[in-house]
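Database features, via TrEMBL:
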SITE      Arg12  site 'Important for substrate specificity'
ACT_SITE  Asp69  active site, proton acceptor
SITE      Thr70  site 'Important for substrate specificity'
SITE      Gln154  site 'Important for substrate specificity'
Amino acid sequence: MKKIILASSSLRRKNLLEQIGLEFEIDPSNYQEDMNLKMNPRKLAEYLSLRKAQDVALRHKDSIIIAADTFCVLGKEVLGKPKTKENAKIMLQKLSGKAHSVITGFTIIDTETGKKFSKSIETKVYFKDVPEQEIDAYIATGEPLEFAGSYAIQHLGGLFVEKIEGDYFNIVGLPILPLTVELKKFGINVF
């Protein structure tokens, strides 16, 4: 069986793949993503995941590469990981009381055959009105600096979420069901 390579240092993605029993190695991509590219957000997510997968594919022969990119979209604004605590506060204030989308693009590449597939999944997330003191307390934990949109639904940031429409795992960073459906087409079966 071909080696599976996760082209990400994300602990969330690592944990999700471990939960479904995949054996894989980790080799993070060195691709420097550009969130300012003028593209439809779903196409942007697919493009960024493709570039990450292609970067890692150069280093691995006879392997299956899995790469992903996740970000939030509020209106027409793409929200990646905040660079500072101030950025995180601005993002969380923008998300407060509103619905936004979380988009994950993923790419699978078979480095032996050259076969590749990219797809994006969109999940709608509804935030409650978040008081400023809760935003400040949350930022003080340091958690927001590690996540697109400045929150982690699977941790304390989940306390801001009223409801979601769509794939929960997509928000965490890897839409497991669509990924496993596509992996089957590459000869990788979970069951």
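Placement of Cβ uses the backbone N, Cα and C atoms for every residue, glycine included.
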- Task: From the recorded positions Arg12, Asp69, Thr70, pick the residue whose C-alpha lies nearest to the C-alpha of Gln154 (site 'Important for substrate specificity').
- Result: Arg12
- Ordered by sequence, the long-range same-chain Cβ contacts of Arg12 (site 'Important for substrate specificity') under 8 Å (at least 6 apart) are Ala152, Gln154, Val172, Gly173, Leu174
- Note on the structure: Cβ neighbour count (10 Å, all chains) around Gln154 (site 'Important for substrate specificity') is 15
- Quick one: give me the count of other CB atoms within 10 A of the CB of Thr70 (site 'Important for substrate specificity'). 30
- Task: For Gln154 (site 'Important for substrate specificity'), name the DSSP secondary structure in the helix/strand/coil scheme.
- Result: coil
